[in-house]
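The domain 'Carrier' feature in Swiss-Prot is assigned to 1-76. The feature O-(pantetheine 4'-phosphoryl)serine is assigned by Swiss-Prot to S36.
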Amino acid sequence: MATFDDVKAVVVEQLSIDADAVKMESKIIEDLGADSLDVVELIMALEEKFEVEIPDSDAEKLIKIEDVVNYIDNLKK
């Protein structure tokens, strides 16, 4: 769950939300209140944090926090 904790920290910072709101099943837009600009900034922050590149075609598929965690875990393999 280390990746989740790191993703959660980035999400909390970028969206200025309470850490308790961020769960694996949380939808980034619907549940956490992100708009399209927030999502772009979140992806950029995740890329910087994890030193990865997330193409737009992949970023649009990252709906839930769980999707982000799994995607990053797969990149790190």
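Cβ atoms here come from the backbone N, Cα and C positions, even for glycine.
In the three-state DSSP assignment, the secondary structure recorded for S36 (O-(pantetheine 4'-phosphoryl)serine) is helix.
The number of other CB atoms found within 10 A of the CB of S36 (O-(pantetheine 4'-phosphoryl)serine), across every protein chain shown, is 8.
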